[in-house]
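Engineer: Here it is, the structure, as structure tokens.
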Amino acid sequence: MAASRIYNFSAGPAILPPEVFERAASAVRELRTNAHADDGEGIGLSLLEISHRGADFAAIHAKAVALVHEVLGVPESCEVLLLQGGASLQFAMIPLNFAVPKRVACYVDTGAWSAKAIKESVTLAETRGHETAVIASSKASGYDHIPALPEALPAASSYVHVTSNNTIFGTEFEQLPDVDAPLFVDASSNIGSRPFGLERATLGYAGAQKNLGPSGVTLVWYQREWAAQQPSPAGVPGILRYATHAAKGGLYNTPNTFGVLVLQLVLEWVRDNGGVTAMATRNQGKADALYAALDASSLFTAKAKPGSRSRMNVVWTLGGAPDDEREALTKRFVTAAAAAGFAGLKGHRSVGGCRASIYNAFPPEGVTALCEFMREFERTQ
Ligand SMILES: Cc1ncc(COP(=O)(O)O)c(C=O)c1O
């Protein structure tokens, strides 16, 4: 399989476990009553051609939701939805549903994705009458760290939104903060990578395409009782209301049936490989090795400050040289790396430099091989 010949450092859609690719391919050919094991009976139909209202898909959906609780530690008191529209739709759905007129929607600005979430709240505030406050930001220093939160929130805060891992800038909250308001978290790029306090979130969400599955399915969860006590927002179309989806057991309209099955398979893989705590050990080992190589180098420099460094997206620059030379050097490095079988190392276009995304499924030996390649590249400059 192509995936075994190259190490895939893509930020997302990203590497998934090879076993998951095999089982997903098998389910596309013919769904078995137990897609996770080889013992189920073939149903004579592909996963892609069955109704989302039938018993076969209902079983997949129920299993996926149960695994979100069991494997990711999302409390049973939370509603779990597997929606479409990506994490970006949640940037808008959150203020549409939970920003309250005359109250303050609070945001922590730690990078491009936080900024997009803030922008949606600001846009909606014009017609909906809430306020948006950025209560902490690391923008001034190029988003190179996680800023400290203020001791006190604005009066009448309706929620605090944080991005637990910043995919583009390579910073990460060590643990989710304790705040005096409902905590909302965009956990798209570090969900399931280690325990970091997700159970304390009143609402969380994650596009699946990094640690959970393919693009096109977004995990959303929120505290059911808390949501029931919130005022029903006026003028919000049904499809954009969480309550609409929850009232139909998460199947208000046709979900991404393929995405839901792959998410189920990925969570089974996490569970069968020791769960999130085992992922934490594996991910810490990979990140430590890569940051150690960067810190020991005089050519490569890690962008994120120690204490804020992401275990999922490691971002660095090359250089010392003037900007134009640095860019040429970076290009040379990325091209040489790709030729040697290391794909997806080019940094995000807004940041430049390099980025290695080393999600759960990324093998530790790929990091060892990259570190060796980097040392050799530096030696020959
Ligand atoms: C942290 C974070 N939030 C949100 C998004 C946007 O996700 P989507 O493209 O699924 O809307 C991304 C995409 O990479 C992300 O990394």
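Each residue, glycine too, has its Cβ placed from N, Cα and C.
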Engineer: According to TrEMBL, ALA87, SER88, THR167, ASP186, GLN209, ASN253, THR254 bind pyridoxal 5'-phosphate; which one of TRP113, TRP316 is annotated to that same site?
Structural biologist: TRP113
Engineer: Just to be sure I understand the contacts, which recorded positions have a Cβ under 6 angstroms from any atom of ligand 1? Candidates are ARG53, SER88, LYS210, ASN253, THR254.
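Structural biologist: List returned for ligand 1: SER88.
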Engineer: Which whole-number value in Å describes the distance between the Cα atoms of THR167 (pyridoxal 5'-phosphate binding site) and ARG53 (L-glutamate binding site)?
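Structural biologist: The Cα atom of THR167 (pyridoxal 5'-phosphate binding site) is 35 Å away from the Cα atom of ARG53 (L-glutamate binding site).
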Engineer: Quick check for the class: what is the C-alpha distance, in angstrom and rounded, between SER88 (pyridoxal 5'-phosphate binding site) and LYS210 (N6-(pyridoxal phosphate)lysine)?
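Structural biologist: Cα of SER88 (pyridoxal 5'-phosphate binding site) to Cα of LYS210 (N6-(pyridoxal phosphate)lysine) measures 14 Å after rounding.
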Engineer: So how far apart do the pyridoxal 5'-phosphate binders ALA87, SER88, TRP113, THR167, ASP186, GLN209, ASN253, THR254 get, largest Cα to Cα in Å?
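Structural biologist: The two farthest binding residues have Cα atoms 30 Å apart.
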Engineer: Which ones in the same chain are close to THR254 (pyridoxal 5'-phosphate binding site), with CB under 8 Å and 6+ residues apart in sequence?
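Structural biologist: For THR254 (pyridoxal 5'-phosphate binding site), the qualifying residues are HIS52.
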Engineer: Which whole-number value in Å describes the distance between the Cα atoms of GLN209 (pyridoxal 5'-phosphate binding site) and ARG53 (L-glutamate binding site)?
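Structural biologist: Each residue's Cα considered, GLN209 (pyridoxal 5'-phosphate binding site) and ARG53 (L-glutamate binding site) end up 25 Å apart.
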